[in-house]
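These features come from TrEMBL:
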TRANSMEM  B:25-42  transmembrane segment
TRANSMEM  B:54-73  transmembrane segment
TRANSMEM  B:79-96  transmembrane segment
TRANSMEM  B:103-126  transmembrane segment
TRANSMEM  B:132-154  transmembrane segment
TRANSMEM  B:175-205  transmembrane segment
TRANSMEM  B:236-258  transmembrane segment
TRANSMEM  B:270-303  transmembrane segment
TRANSMEM  B:315-335  transmembrane segment
Amino acid sequence: MSPLLEVRGIGKRFGSVVALAEVSTQVSAGTVTCVLGDNGAGKSTLIKILSGAHRHDGGEYLIDGDPVRLSSPRAALDLGIATVYQDLAMVPLMPVWRNFFLGSEPTKGRGPLRRLDVAHAKEVTRRELLDMGIRLRDPEQPVGTLSGGERQSVAIARAVHFGARVLILDEPTSALGVKQAGVVLRYIVRARQRGLGVIFITHNPHHAYPVGDRFLVLKRGRSIGEYGKADITVEELTRLMAGGAELEQLGHELAGYGDVTALDGPVKSEDEQP
Amino acid sequence: MTVGQDAGGPVPAARVRGMLARPEIGALIGALVVFVFFASLSEVFRSPAGIANWLDPASTLGIMAVAVAALMIGGEFDLSAGVMTGSTAIVTGLVATRLGWNIWLAIGVSLLFAVLVGFLNGYLVMRTGLPSFIITLGSFLMLQGLNLGVTKLLTGTVLIRGLADVPGYHSASMVFASTVSVFGGAFRVSVLWWIGLTLLAVYVLRRTSFGNWVFSVGGDVRAARNVGVPVVRTKITLFVTTAVAAWLVGTITILRLTSIQANSGIGQELIYIVAAVIGGCLLTGGYGSAAGATLGALIFGMVSQGIVYVGWDADWFKFFLGAMLLVAVLTNQFVRRYAEEAKR
């Protein structure tokens with residue numbers, strides 16, 4: 001069986017700047033591929049190619065084994081590739097069920113009597129969210145009252161309902177606290193269990209490792225390794241991302257600062273005393 | 001109202017939130033209090049004749065308030081809404097009396113004029129990205145000048161009269177300006193228009209895709225665009241709707257009076273916004289209700305006539321209206337904070 005989505009030696013340049021070069025990875029149904037890298041590593045360029053926002057100019061992009069060139073995010077969506085962005089497409093003051101179907105409202109009746117199928121919309125919202133593990137007592141609840149993690153999950157559930165087979169999650173945990181990040185990670189596992197392919201972009205190896213099956217590490221637009229879960233530990237992943245030696249040096253530097261601050265402390269408080 | 005993960009969430013607060021979730025609840029309580037207050041002080045106020053009397057100003061204001069509320073939910077203002085009730089009546093009056101056309105044709109021309117002005121307002125706002133407050137302030141002032149200038153130019157006065165002699169006046173008057181006698185009270189037919197439009201607006205806003213879009217373009221226009229809501233079309237439609245509501249009020253006014261003053265409607269635009277805000281609309285858009293705006297107009301009608309019935313100086317009316325507005329805005333602010341409060 002061919003993977004749902006695969007890139008082979010894919011690349012993108014903007015003028016003379018190489019944003020991404022020779023990157024290969026894939027995601028199959030029911031697996032999570034994590035894309036890790038520091039800021040500027042090329043993660044966003046890769047997502048934009050995958051989601052149809054940019055067109056690649058090197059290598060191959062295959063969906064279901066067929067090479068594609070996506071013209072727009074809409075085209076990607078039609079092939080079942082849905083991207084859930086960090087700044088969500090949600091209206092805080094509107095009820096969850098209205099947000100869930102916003103722009104694709106289910107209707108019944110015809111002509112001037114065409115109206116929202118409210119009962120159906122509420123029921124589907126409740127069911128889809130329940131499948132994601134969110135128990136919604138009242139779909140009339142405004143989205144703004146949900147926590148950040150729950151809002152991410154509603155967005156994920158919406159993408160799944162509207163036919164997504166591959167979910168691209170762009171830093172879904174970066175703006176969240178520890179507990180809420182945990183909520184989102186749980187939903188990523190759920191999505192995987194439901195047979196979706198998930199591409200999870202993050203700069204946090206501690207979020208990636210527990211949920212991922214494959215780990216692609218990017219640095220300055222190039223892949224510096226792709227590993228199966230069995231081939232790597234979370235410590236190695238962290239070292240790889242930060243570039244081992246650099247991290248150790250940073251550790252020594254910070255330890256040095258620690259001493260300086262300890263010396264500064266009493267001096268400052270003396271100044272403040274009248 | 002809480003979500004599975006937060007089983008320890010505050011339950012009494014959730015119940016309060018459920019009640020406050022309806023934007024028109026404040027206006028409903030307000031309308032009941034005002035009614036009971038004046039009805040207990042004045043026998044005339046609660047008689048059929050009295051009710052017909054205070055429903056009349058409420059009806060024309062209500063027609064506008066409902067349209068303005070929908071526009072405000074969509075995140076925009078229309079300061080030209082007041083002057084447009086005059087402009088549309090003037091167009092009808094001039095076409096009927098100067099050109100001698102059948103009044104129905106004149107009303108049709110005026111409707112086209114309203115659609116055009118509404119479209120231009122909406123198009124300019126969407127095209128320039130400027131606040132609708134400024135764009136429609138411009139069209140307000142231009143229309144105000146046109147109303148006076150054109151009327152003076154063509155009639156030599158600031159009054160267009162003689163509508164009663166125009167062909168078709170009788171039938172048009174039946175539709176827009178007749179009165180119906182119920183239990184001895186002479187009720188204006190505009191009350192029926194008002195009720196009908198309120199029901200239509202409530203239905204469209206709450207039960208159609210378009211209604212969903214209206215809330216979304218006012219609540220978060222970027223999110224709405226991201227999920228494929230036709231933002232420009234939705235907002236322009238709202239501006240056109242407001243102008244058409246002004247056309248209806250203008251038509252009712254000119255057929256009732258059989259004449260129209262060139263300065264008619266000016267200053268009313270803020271009263272419409274007041275009624276919509278008392279009815280629970282947020283000034284920032286994305287939240288509000290057509291039923292609430294109608295209740296806001298009802299409060300306005302009851303107070304304006306009630307003060308006269310209980311024999312107070314009518315000057316107190318504006319004070320009362322201002323106080324209502326302040327209370328409503330403070331309540332709305334509280335409601336929105338509550339609704340938007342995120343448990344991060």
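Backbone N, Cα and C atoms are what each Cβ position is placed from, and that goes for glycine too.
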_Segment-segment contact (the transmembrane segment (B:103-126); the transmembrane segment (B:236-258)) at 3 or more Cβ pairs under 8 Å_ = yes
*Candidate ranges B:25-42, B:54-73, B:132-154 - greatest C-beta contact count to the transmembrane segment (B:315-335) (under 8 angstroms)*: B:25-42
*To the transmembrane segment (B:54-73), which of B:79-96, B:132-154, B:175-205, B:270-303 is linked by the most Cβ pairs under 8 Å?*
B:270-303
*Under a criterion of three or more Cβ pairs within a distance under 8 Å and sequence separation of at least 6, are the transmembrane segment (B:132-154) and the transmembrane segment (B:175-205) in contact?*
no
*For the transmembrane segment (B:79-96), which partner among B:25-42, B:175-205, B:270-303 gives the most CB pairs under 8 Å?*
B:270-303
*Determine whether the transmembrane segment (B:25-42) and the transmembrane segment (B:236-258) share at least three Cβ pairs under 8 Å, counting only pairs 6 or more apart in sequence.*
no
*Short question: which residues 6 or more past the ends of the transmembrane segment (B:236-258) have a Cβ under 8 Å from it?*
60, 63-64, 66-68, 70-71, 74, 76, 78, 80-82, 84-90, 92-93, 103, 107, 110-111, 113-115, 117-119, 121-123, 125-126, 132, 160-164, 169, 172-173, 176-177, 190, 193, 197, 210, 214, 264-265
